[in-house]
Amino acid sequence: MSIWMEGFKAVRTLNAAGFEAYIVGGAVRDYLLGKDVDDVDIATQASPHQVADIFTKGVHINQEHKTVLIPGEKGPIEITTYKGETLAEDLQKRDFTINALAMTETREVIDPYGGRQDLQKRLLRSYDAQKRLSEDPLRMLRAARFISSLGFEADRQLVKETTVQKAALQRCARERVVVELEKLLKGMETEAAFAFLQETGAIHSLPGIQITDSQLAELMRLPKQQWDSGDRAWLEFAICTGGPSSMAALPLPKKRKQLVAAGLKAFEYRQTQQRWSDWQLYISGLAIAMQIEEIRAGRQLPSIQKEELAEQWSALPIKAKSDLAITGRDLLHAKAAPGPWMKEALQAAEKAVVTKKCPNEKAAILAFLTMREDGK
């Protein structure tokens, strides 16, 4: 059963228990746009404890936000008590009219604030933008995200209020900023999104991010491509903004920062070299090398076909250090005292094998290292 159908099942269950309940927000928006629905939110007049009494298995209550998560086959479904006394009051408080939509169990759309018309116009609008943005300043960045992901245009009142209130973005938690910025970067219309942030001045109010005008110009030239990978999105960002230092203050996972740093190093290598050397391909890895060629192609730079890279990778004598025919134990047999020299020797052996200066055979490698030591 799809999460969309599971949502309707939950709505029917709440209705049968005597409570108003509706699928709301992005799920309804995406349904009307003909997009796949990936997650479902439900608004109800029932309190969290009443919801938990109805859905007894595996529920998780967030009392602060009056939300209950119930398990589903395709992921959890979020059920939230009305913000206000009625559905209309709840929808009024939502960020944009295109998200202020609800659907009954019979698929009747409830649209008190013109969200369907705005969907048709491809317009991003807030009901009382001044209030909506002051309630949650992150909505200014969310506006840019929807411009990128949906290809919509912000209405002039939203632009005006973002310009007025942009300084409030500094109060937003950086974790929330990262989520929205990543979704923006993954969208097709990044140029329009960054143009909105530039016009309003909001780009210079994002906490943890310092972007120069020239870097912003680079971001606005990102290719019109949709990326599923967060690693790819942040690598594109790093290339445009001068490297990992531009992301140092952002709470990204350590592994992601490491992958971005490795990707940036590989990109800079290809900026100065027409081909991948065997050694650079080895230390970068095939996945990163292929990603760099995709990035170059997207920027209309000369690029190497994936098949050619895969063939070069396949011809490498080893694909990882663990493939090396010797270990530190083999080195100790040749030289009794352990020490830093072992790491250096293994690295030299690894490079010699990859670059085909030495076959990947124990005796040959030990002989190579002996000659190297004698030549020092």
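Just so you know, glycine gets a Cβ as well, placed from its N, Cα and C.
Features reported for this protein in Swiss-Prot:
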BINDING   26-29, 94-95, Asn99, 136-145, Arg176  CTP binding site
BINDING   Asp39, Asp41  Mg(2+) binding site
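Feature annotations (Swiss-Prot) mapped to structure.
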residue: Gly26; record: CTP binding site; Cβ neighbours (10 Å): 19
residue: Arg29; record: CTP binding site; Cβ neighbours (10 Å): 23
residue: Asp39; record: Mg(2+) binding site; Cβ neighbours (10 Å): 17
residue: Asp41; record: Mg(2+) binding site; Cβ neighbours (10 Å): 18
residue: Asn99; record: CTP binding site; Cβ neighbours (10 Å): 21
residue: Leu138; record: CTP binding site; Cβ neighbours (10 Å): 20
residue: Leu141; record: CTP binding site; Cβ neighbours (10 Å): 26
residue: Ala144; record: CTP binding site; Cβ neighbours (10 Å): 30
What's the CA to CA span in angstrom from Asn99 (CTP binding site) over to Asp41 (Mg(2+) binding site)? 11
List, in sequence order, those binding-site residues among Gly26, Arg29, Leu138, Leu141, Ala144 whose Cα sits within 10 Å of the Cα of Asp39 (Mg(2+) binding site). Gly26
When the Cα of Asp41 (Mg(2+) binding site) is compared with the Cα of each of the binding-site residues Gly26, Arg29, Leu141, which one is closest? Gly26
